[in-house]
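So that you can see what the record holds, here are the features copied from TrEMBL:
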- 24-46: transmembrane segment (TRANSMEM)
- 52-78: transmembrane segment (TRANSMEM)
- 99-120: transmembrane segment (TRANSMEM)
- 159-177: transmembrane segment (TRANSMEM)
- 189-206: transmembrane segment (TRANSMEM)
- 239-526: domain 'Lipase' (DOMAIN)
Amino acid sequence: MTKKAGKSLKEKVTLKNNLLKEALAELLGTLILVALGCGCVAQAVLSKGTMGGAATISVGFAMAVTLGVYVAGGISGGHINPAVSFAMCLTGKMKWAKLPVYVLAQYLGAFLGSAVVFGINYDALIFYTGGSFTVKGPNATAHIFATYPQEYLSLANGFADQMMSTAFLILGVFAILDTDNLGVPKGLEPIAIGLLIILLTSSMALNSGCAMNPARDLGPRLFTYLAGWGSEVFTAEQGCLIEPHQEGALQQCPFNASLPLVMVIHGWSVDRRLEGWIWKLAEELKIQLPHSNVVITDWLSLAHAHYPVAVQNTRDVGREIARFLEWLEETVQFHRSNAHLVGYSLGAHVAGFAGSSMRGNGKIGRITGLDPAGPLFEGMSPTDRLSPDDADFVDAIHTFTQQHMGLSVGIKQPVAHFDFYPNGGTFQPGCHIMHVYNHIVQYGITGLTQTVKCAHERSVHLFIDSLRYSQKQITGYSCKNMQMFDKGRCLDCRAHRCNTLGYHIRKARVPGSQRFFLKTQPQMPFKVYHYQFKIHFIHEFQEPRIDPTFTISLTGNKDDVENLSITLDAEILEPDVHTWT
């Protein structure tokens with residue numbers, strides 16, 4: 001090709017319309033933002049956290065913004081956000097006539113960026129979801145593309161959250177670009193904006209994902225609508241408030257008296273907010289038990305108090321729940337035997353007081369205590385705490401009974417017909433302070449809080465596990481204590497000596513309380529398989545006494561090998577049978 005011909009070709013492909021150049025720059029910059037930012041989310045979600053989490057998403061989105069601004073900045077200013085473009089027009093830095101073109105290009109770029117993420121991760125999406133793209137549920141994937149509010153978030157708070165985060169973004173961008181301010185060295189502005197994004201997503205992403213960018217959210221949302229997720233991407237399912245004794249209250253809410261009722265009761269509150277586990281449990285109940293009424297009891301106004309005061313309030317709250325159930329019986333002929341109260345921490349005792357406060361004939365069908373609170377309840381009489389007398393069937397999961405200065409967060413004594421003590425009930429694997437880094441990666445800046453309450457809240461996640469993995473039910477074994485279980489003395493299922501932990505427990509009535517022990521993994525799914533080893537020594541040993549060590553190799557169906565060391569708890573002096581779990 002001659003030099004003259006090359007010059008002619010260059011002139012033909014060169015865009016001479018400046019506005020079109022700017023639009024294409026905005027399109028490409030926004031495409032990069034969404035393709036790489038949402039790509040980080042896809043990797044974290046589809047790998048189930050093994051290849052990313054809150055920290056990698058925050059940093060990844062920030063770097064995607066940085067690259068997008070570098071790509072588009074020299075041509076269009078690198079807005080890649082309708083809110084930034086609007087602010088530029090509002091302050092006279094850009095003509096209003098350009099705004100529709102910029103915004104359209106940004107939305108189109110975000111849409112195409114979503115298509116890139118979808119195409120690259122298509123096989124992984126199919127493998128993860130089984131081909132069913134959903135907005136909610138354990139295999140939900142719509143949040144890879146668009147942001148979704150937490151279920152506790154009110155419309156007003158959500159609006160304020162987005163307004164505040166976007167305002168901070170605009171303020172930061174203008175401060176970075178203002179040459180009359182302290183300023184940023186020329187060429188480093190995109191990096192400064194990226195650092196600003198890390199700060200904002202680390203501090204304001206909890207409620208609704210900290211989108212701060214209409215194009216970054218609506219473009220991907222529209223793509224998911226067209227790509228198979230359906231119209232649910234535009235609608236957030238809202239619950240409704242049932243106010244007892246109010247005319248028409250049950251007509252406004254889809255309560256079906258012919259279906260079972262599962263009521264979730266939270267515990268003591270430090271910040272007067274419903275914790276995230278409540279929504280996770282409620283969502284799992286709705287998914288796995290579609291033919292049930294799921295109700296959340298909100299007693300935050302009484303739970304947000306000094307702990308001794310909150311303890312005193314539990315009896316009053318339990319009494320109110322009893323009146324609510326009686327009102328359902330009178331109003332719509334709901335039967336109390338179809339009620340299942342699931343209480344966490346103080347909420348477990350609230351459920352117990354609800355059961356003992358029921359008037360008339362019959363008891364509540366079932367109460368499940370999730371690590372019932374220990375302080376001011378340990379050692380109390382059955383009438384002053386959760387007990388087997390409070391419902392037709394009562395089960396409890398104890399996960400944090402480790403004592404400090406004579407007190408434990410969870411109650412240690414049996415309080416149910418069947419009491420489960422995973423890993424002995426004192427503490428839980430994966431909850432040690434050494435795991436704080438893993439929690440920060442998974443939960444972001446709330447990781448430290450998650451570490452502190454990890455063992456206590458594990459009871460909730462074990463119950464969720466029993467719903468989600470119904471084909472991998474966790475089995476507990478009746479035993480005197482964890483030491484006897486570790487010695488292999490209790491792996492017996494005869495005469496109700498074993499049972500299933502969680503929702504699908506076998507509701508066998510036994511006199512008194514029965515303790516069950518088991519081991520779990522540090523993360524979901526928690527199920528492990530228990531094996532019993534027996535070694536029979538048939539010869540008598542003479543001095544010197546021997547202290548042998550043993551290693552047993554277990555080979556899985558995928559040829560993976562696990563070597564287990566066995567330690568004898570006593571010297572071998574005479575013929576005997578030694579067992580281990």
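In case you wondered, yes, glycine gets a Cβ from its N, Cα and C as well.
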Sort out the residues at least 6 away from either end of the transmembrane segment (52-78), same chain, that have Cβ-Cβ distances under 8 Å to it, and list them.
21-23, 25-26, 28-30, 32-37, 39-41, 43-44, 88, 94, 102, 189-191, 193-195, 197-198, 201-202, 205, 440-444
Near the transmembrane segment (159-177), which same-chain residues lie under 8 Å Cβ to Cβ, leaving out any that are not at least 6 residues past its ends?
81, 83-84, 87, 91, 153, 184, 189, 192-193, 196-197, 200, 204, 207-208, 210-213
Same-chain residues at least 6 beyond the ends of the transmembrane segment (189-206) whose Cβ lies under 8 Å from its Cβ atoms:
54, 57-59, 61-63, 65-67, 69-70, 73, 78, 150, 161, 164-165, 168-169, 172-173, 176-177, 212, 444-446
Pop the mean pLDDT for the domain 'Lipase' (239-526) in here, whole number is fine.
88
